Amino acid sequence: MSETTGPSIDRDEVARFERIAATWWDEAGPMRVLHRFNPVRITYIRDTVCRHFGRDPRRPLPLEALSLIDIGCGGGILSEPLARLGATVTGLDPAPTNIRVAQAHAAEAGVPVDYRGQTIEAVVEAGERFDVVLAMEVVEHVVDMPAFVRTACAAVKPGGLFFAATLNRTMRSFALAIVGAEYVLGWLPRGTHDWEKFVTPAELTGAVESAGLTVIDTTGVVYNPLGGRWAMSRDTGVNYMIAAERPVA
């Protein structure tokens, strides 16, 4: 198995994101939805990590000395802010163009992130483990979700955390995330998502717990079109995030 291929990699999905790689940091471009979503993701990860590890989220570097890996990091729009919070961040992406964009932006910004054109399978096989493992907006793009989650969870150190964000497989998510976002509003390039690959909270929880972790939180995320902002919610019918922990022993 090469470092950029594996059972989790859908080459069509990789090619689709490579075609728009140059736009990762364009807040008005194809990734604008993720840019708007980013503050919610960062807050959720920071606050959950701080509660778990007994940190103060108000500190300038609340994630200092914690190792974190961002699977499917794309151009680094999540990796960089988490590195700015003090985490030692590794960003993985199987698309070489994405990695080049991420590396160039991090170098220009002066933010230390270890970007690699690797799969999580290669990292786990090499024996690397992390305090925090992220699979944000990734599980709906892989070939075999349970196998991918099992491998991603294997990268979590004892006492560490796993996070995932994805889309629920409901008629509402089809109407909003595909018909609305891709075809009516044009927020995302057409073909970005395949509704049949969306994952229900029960399916994701089952995969995570089969990998030996315990889900400690499930939170919905909703979009307010009037304010143009995303916010956490009890509503998991479309977008949601989970956090899970690996027992210390």
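Just so you know, the numbers here start at 1 and follow the chain as drawn.
For all residues, glycine too, the Cβ spot is worked out from N, Cα and C.
The S-adenosyl-L-methionine site recorded in Swiss-Prot includes Arg41, Asp93, Met136, and the single candidate from Gly29, Gly54, Gly72, Gly110 that the record places there is Gly72. Its Cβ taken as reference, Arg41 (S-adenosyl-L-methionine binding site) is surrounded by 22 other Cβ atoms within 10 Å in the chains shown. Its Cβ taken as reference, Gly72 (S-adenosyl-L-methionine binding site) is surrounded by 27 other Cβ atoms within 10 Å in the chains shown. Residues Arg41, Gly72, Asp93, Met136 are listed as the S-adenosyl-L-methionine binders, and the farthest two of them sit 19 Å apart at their Cα atoms.
In the three-state DSSP assignment, the secondary structure recorded for Met136 (S-adenosyl-L-methionine binding site) is strand.
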